[in-house]
């Protein structure tokens, strides 16, 4: 037993040990001996029976009942289909049994339609009514057949009614009569039927379950959202109230951007909460039905869809995946494009898509198709006018399809045939082509061109272009494609539009005119022609710009790699390079979007092995589609819950895998995505949820006896935080009331635990992805403990950067909790509490001030600041500053008087190599951010935390300077492209350890990052401030410099003789080779060349008195902590912050120097005079070492606690 958690027993809600929780059992008060069983379900049943027998059964009954009902539903499913549930289907059933509405995000072959049909039968057996809404008549027929087959197999009979256009007249009449009379348990129709027959036949009906298969068709009539809500039991009045909340939240978002609107924000929040309470009351008092929406491929647009969020607690996501499992390759052609394509098809076999770039157009696509036909290939051309080829391809009558590579092209977007499409060939790089006068411009192409050429414009024009670009992007964000086409047509035909659309047209027009104007500038054209990433071509006397069309490449190549039940099919893409510059641009943009993107020469891949993998995946997909999948493959798709600390991190991770669906669980938001082999729900825990209590044991730690020796067990309870005054505490003095200000507006982390337990019930496994250090490990341990009884499997995942490859790798390498790290953190917290409480109480007694407090690590640090201040005040002296005729400035200490001339006594000039510094560790970053940016340590850590959580930098709490291979690759790419490959000098900088140095996660500098965020290529869950960019720039430059060749300078060191003594001057005369100084200034000043014996006139004299010793900044103090082995990367900033918060130290305004206050000096003197050995620098350093030993399993943590306890008794309690 390591700890006790109050209020966490899953049965009685009382106190329970970590051991019992890990054994998935209730507390000892409920069951004297723990129950063991071979699997989770059996354990739940056995514990329930034991509790019942003992007469202590309480909340465990809910857990038992849920598992029992799932078993019953699964038995029926087995009878109806012959299969057991997939993990994902089991999750869906658990949600339904608990009355939750949700959006299903799941890949091809996950049995969504089968599940919808089955669950309606289950509801019918239970006397409940269901409605299945599908997009088309063939799907109505298919769904009805599924239901009938299942009823027959399961031997049940329920009343089924369906309606579609192919029914005979008499059948239609009978169906309509039965619908009108409510003579059915299950109704199946198209979404069109819901839209047209609602008022006449459905308005008065009430359903327990509505299953919407394919939300895209359903949403074509946005009124269907209101209709579905009415059918589930809401009134129009409640729907209108929810609509009010949506509008109020929009207003609130705007107010939060403005300054000084706190009062309005508070009032709006109150109004929103009031309406939300009304809605919640209505839901409680009325038995509202369940809505299940099978995921969209497009994104659900418009505000009306948000009604589902307000009334049913979920948001529809998009099933569109951004995962790629594609081998990207290229060929530099040695013969005609047609011959290269023919040659490739002979090597690759059947099942290919061939994309012709837009500059070659439909004519070339026709020529290529005819050429391939003449060579004996079964191939068809597909275009908007001729889609016949699609059916022939699907039926296997043709082996290849040819189409033009445009974003909305028929075979670029419309094909989802994971079992048939094996590879894609690009007969030229996908590109946009623009004539200089921009004939027939489209909105997306204009945005693409603007984004590419803004960097070539003069400053003033660039700023104008950036504003126009941002406006146009913002305006079109929620406009569907068909409406954009109307705007484009209006511009071409020179006609006006109505209202908002006319406003968009106006801005579009301005953007086109802006481009036409800047493209007449010869300097701009010259710069474009020299750029290696876009192409300038003359065709028939006309100039054209060609830029890569990366969106089309992603979409088109993506046809070869689809998400299916069990993973992502492997695909192959081959680009025949017809323009090297546009190809370079395409690669660069792919790397911006996909951290893991790499492209190889086609002849360098192992083609046989790639094709074998491609074909194995196609076999699996066919089996899934035909329903012949084996049990073993079925369990490839697990439902999993990933828990991280912060909402930013949760949102960033979710965004890697498409547009997530969202569910509100209590006060938390869960994001759901599919990653092929996992249906992943991502949730933010909100960081630390537990802390030591103050009302039990010795300051929250029980002291028990084990073999006559004391044994220490911390007691934890949830952390409470007052939303009004910010006070944080653990023990209630009065339940629900803040002990500091009396407010009832208090958040208890218990609510977060309940939300996590609710989600834990649904899934097969939990992955805990808290920060990769001892603190993160302790949070993970707490989460593991309190969730253990609710789920069969819990693992810890660790990642040092928030990027898609790092997350997927962490999931693959999931491990158990590192108990030694946890023990080290337990000791750190207990030691902190004991010393803190004991010393604070002494300070209260002596100074009669209950606001004072003390800690072991802060005390020596406070001492350094006190000592430095003393030296500062005692070191005042006279300074003389001389400026010489050649511009050199020198300062002389202890000097007063006039000087007219000085002489160069000695000079050494030599060539010197200056190496770059290693990339940042935490302490070095804090020092530089303090020195160059004027940031406090706390501010820097918060900004770095944001950059980490947003996936822009690696983990920022580290004392390692090591750079991984990934890091070296990033530097290589940036240096080669932006500076020159000859500057690259890879360095590992030290041994590989648990952590890496702080570095960027992509080869993108600050200017480019700002542009990519502006262009929407990088989308972040929160806005970055100017200070985020300043810190990113510091980290980026230091890292890139660390991977560049040394600089070489002509170094000079001179001794200058003055009447007051000699002064040394050093610097460089000139840079011989710039090396890393291309990205960061050198640490030396440039000085003029001097000669021995040279006499120099003094042109300016300044005299002043000042202290010789300067005061510390936050950066200086952190450098000392690192140097003297006190504190850790995770505590440096906190230690300084604590001293400032307690008022022991203040920071001067301008130069940000640290000055001890009178209170700080008195407290320090008292502590050192009474408890010197306890708070000495040496003892603190020793303890840091002991913590490391516990972490490395070299010290027994109980033994360490015994020593600490003895030490405190010896020094304080005696």
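Quick reminder: no glycine exception, Cβ is built from N, Cα and C everywhere.
Swiss-Prot tags one of the stretches 689-718, 719-748, 749-778, 779-808 as zinc finger, and that stretch is 719-748. This prediction places the mean pLDDT of the domain 'Toprim' (639-802) at 94. Residues 10, 11, 13, 14, 16, 26, 28, 29, 31, 56, 58 surround the recorded Zn(2+) 1 site, their Cβ atoms falling within 8 Å of the Cβ centroid of 9, 12, 27, 30, which are themselves excluded.
Comparing Cβ neighbour counts within 10 Å across the binding-site residues 27, 30, 725, the minimum falls on 725. Residue 12 (Zn(2+) 1 binding site) sits 26 Å from residue 738 (Zn(2+) 2 binding site), counting Cα to Cα.
Long-range Cβ contacts of the zinc finger (719-748) within its own chain (Cβ-Cβ under 8 Å, at least 6 residues beyond either end) map to 667, 688-695.
It is 738 that, of the binding-site residues 12, 722, 738, 741, has its Cβ surrounded by the most other Cβ atoms within 10 Å.
The shortest Cα-Cα distance from residue 955 (active site, O-(5'-phospho-DNA)-tyrosine intermediate) to any of the binding-site residues (27, 722, 738, 741) is found for 722.
The DSSP secondary structure for residue 722 (Zn(2+) 2 binding site) is strand. Rounded to a whole number, the distance between the Cα atoms of residue 30 (Zn(2+) 1 binding site) and residue 738 (Zn(2+) 2 binding site) is 32 Å. Here residue 725 (Zn(2+) 2 binding site) is compared against the binding-site residues 9, 27, 30, and the shortest C-alpha distance is to 9. Between the CA atoms of residue 741 (Zn(2+) 2 binding site) and residue 27 (Zn(2+) 1 binding site) there is a gap of 35 Å. Taking Cα separation as the measure, residue 722 (Zn(2+) 2 binding site) is nearest to 9 of the binding-site residues 9, 27, 30.
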